[in-house]
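Report on the following structure.
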Amino acid sequence: MGSSRDIAIGPVAVVSLLLGTLLQKEIDYHTHPEEYLRLAFTATFFAGITQATLGILRLGFLIDFLSHAAIVGFMGGAAITIALQQLKGFLGIQKFTKKTDIISVMRSVFEAAHHGVSLLAPQTPHVYGVYLHTNGPLMHNKLNLMHRNFFYDLLQWNWQTIVIGVSFLSFLLFAKYIGKKNKNLFWVPAIAPLISVILSTFFVYITHADQKGVAIVKHIEKGINPLSVKQIYFTGDNLLKGFRTGTVAGMIALTEAIAIGRTFPTMKDYQLDGNKEMVALGTMNVIGSMTSCYVATGSFSRSAVNYMSGCQTAVSNIVMSCVVFLTLEFMTPLFKYTPNAILAVIIISAVINLIDIQAAILLWKIDKFDFVACLGAFFGVIFASVEIGLLIAVSISFAKILLQVTRPRVSVLGKIPRTTVYRNTQQYPEATRVSGILIVRVDSAIYFSNSNYIRERILRCLADEEEQTKKAYSPKTQFLIVEMSPVTDIDTSGIHALEELYKNLRKRDIQLVLANPGPVVIDKLHASDVANLIGEDHIFLTVAEAVSSCSPKLVEEA
C-alpha cells in the first residue's frame, strides 16, 4: 500500500523497547501475563489507528516537529538504554531491574555481584581488621582467601555466558568492520547474526552449557499465532491505557519509518508519498493487532540489506514474510538450545550504529541550539525514560520554533559598491549606508507573537543610526525603508504594529517607506487602509527604486 520500494517492515529495537517499557508500567507481565498480552494488542491497534488517521487527514507535517537534532539524541540515548538492558543476558544475571534508566540498570548489575560477595564472604571488614592485628602470621593466607572469594563471586555473573557473549560480540563487530571496508562484502554483516545463532546453539548443545548456568531460549511454539480480535480492549480502563501507549509507540514508529523511507528514494531518484506511507503502516498495524502482532515499522538494517541486495519493489517484503512463515512452521525446535546471551549480543551490535557521534559533532559546529536539543533528548532517555526523552526532544524542538518565530532577525542594509543591490551590512562590511536613509529588512512573517518585537527592533536600529549621524555630523535621517520581501504574511497585530511605527516616525519627521511587500501582505495593507495611511507613493517594488525616489527629495530639501 505504500510508495517506498525499499523499506523492509518488521519489529525494530527502539519501538520494541518503548512499547515494552510503556506496557510494563501499566501491567506487570509476570503477575498478569494475559492482561499484558491483551494490552499489547490494544496498543498496537491504536498505534495503527493513529498512523492511518494522520495519513488520511494529511497531517504528516506533525512528524517534522521532531527535528533531526532531537532524533539523533533520542536514537543515541535509546541505543545505550537498549544495550544496557541486554546486560542481563550478556552477564547471565538472574534478577534484573525492569527500569530503563542507566542508574537503575547499573545498580542492578553491581548488586548482582555484591549479592554473591555477601553470600560467600559474610565476614565484615571490621572482623577482618581485628583478624589482621591479632593473627599477623596468617594475614597473607586470609587476604588470598578474600581475593579468591571476591573473584569467584564476580563469576556468579556466569563466566560461561560472558565468554559466549564476548566471543560472538567480537565476531559481529568484526563482520561489520569488513562490510564497511569493502562494500562488495555487504552480505557478511547481514549473515553474521544467523551464523552466530547457529554456532552458539550448536556449542551449547554439544557442551551441555545449559546445565552449567547458561540461560537458553528453551521451547518455542511452532506455527502462526491465532487471531486476537477478541483480545483487544474496546471498553474499560485498559482501553485508555492502550490508547495512550499505542499513540506514543505509533508516532515513534512512524517517525522511524518515514526517516528510513526518505533515505532510499534520494538514492534511486523516486518520490515518496509520506501520507500514503502513513496509511499503509497504520493499516498494517491494525490488521497486525488482530493477528497476534505488536507494533512493527520500517527497519533500517533490513531495508539497507534490501537496498544492497538490489530489490526493486515491495515484493521483497512478501518473500521475507514467506521465509519467516516457513521458519515458524518447521525450524523453531532447532532454537531450543540458543543461548540468551547470543540474542543480547545481536541486539547490542545492532544498536551501536544508532549512536551517531559524528552527527552530534556536526550539530555543535553548525547550530549550538540544535546540539542542546540533541543532548536534552539523549540525557532524558538514559537518565529518565524513553518517553521523558521523547518529551524533552519535542519540547526543545517547539522551543526553537517559538524562539525563531518570536525573535526574528531585523537587519540593517547597505548598498554594495557599483551595484543597485542592498545587503546586510554585517554580512557585507563593504556595503555602505545611504545618507539620510535607514534601510532595514524584516526576515520573518509579522504575527501577534513578534509584531511588538519587530517594531521595537526597528526603532532601536533607528536610535543607533541617529546616534551615529550625530557623532559623524551627517544629515539627519528622514526616510526609513522597510524591505518586506521575506515577510510572507501579516496579521492584524502586525498591521497595528505598522500603524504605530508610522505614527511614531511622523512625530520625528521621518517618512515610512515599504519595499516589495508580497501579494498577501499588500492585500491586507489595502484591506486595512494602512496602504493609504502610508501613501501609495511610498510603496515600491525594490529597495533601489525606493532609494532613488527618496534621494532627490533629500537634495531638494537641502
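From the backbone N, Cα and C atoms, a Cβ is placed for every residue, glycine too.
Here TrEMBL flags 7-24 (among others) as transmembrane segment.
The transmembrane segment annotation in TrEMBL covers 36-57 (among others).
Long-range contacts of the transmembrane segment (69-87) within the same chain: residues 13-14, 17-18, 93, 96, 100-102, 105-106, 109, 255, 259, 344-345, 347-348, 351-356, 359-360, 363, 367, 370-371, 373-382, 386, 389-390, 393-394, 396-397, each at least 6 residues beyond the stretch ends and with a Cβ under 8 Å from a Cβ of the stretch. Annotation comment: TrEMBL describes 69-87 (among others) as transmembrane segment.
Here TrEMBL flags 157-178 (among others) as transmembrane segment.
Annotation source TrEMBL lists transmembrane segment at 185-206 (among others).
The transmembrane segment feature in TrEMBL is assigned to 278-297 (among others). Taking Cβ pairs closer than 8 Å, the transmembrane segment (278-297) reaches residues 1-2, 9-12, 15-16, 19, 40-45, 47-56, 60, 224-229, 232, 246, 249-250, 253-254, 256-258 in its own chain, all 6 or more past its ends.
Long-range contacts of the transmembrane segment (318-335) within the same chain, counting only residues at least 6 positions beyond its ends with a Cβ under 8 Å from a Cβ of the stretch, are 8, 10, 197, 201, 217, 220-224, 302. Here TrEMBL flags 318-335 (among others) as transmembrane segment.
The transmembrane segment annotation in TrEMBL covers 341-364 (among others). Counting same-chain residues at least six beyond the ends of the transmembrane segment (341-364), those with a Cβ under 8 angstroms from any Cβ of the stretch are 13-14, 69, 72-73, 75-76, 78-80, 82-83, 86-90, 92, 161-162, 164-165, 168-169, 172-173, 176, 193, 196-197, 200-201, 214-215, 217, 301, 370-371, 374.
Listed as Cβ neighbours of the transmembrane segment (371-399) (distance under 8 Å, sequence separation of 6 or more from its ends, same chain) are residues 17-18, 21-22, 65-67, 69-74, 76-78, 80-81, 100-103, 248, 252, 360, 363-364. TrEMBL lists 371-399 (among others) with the feature transmembrane segment.
According to TrEMBL, the domain 'STAS' annotation covers 427-550.
With DSSP classes pooled into helix, strand and coil, the tally for the domain 'STAS' (427-550) is 63 helix, 21 strand, 40 coil.
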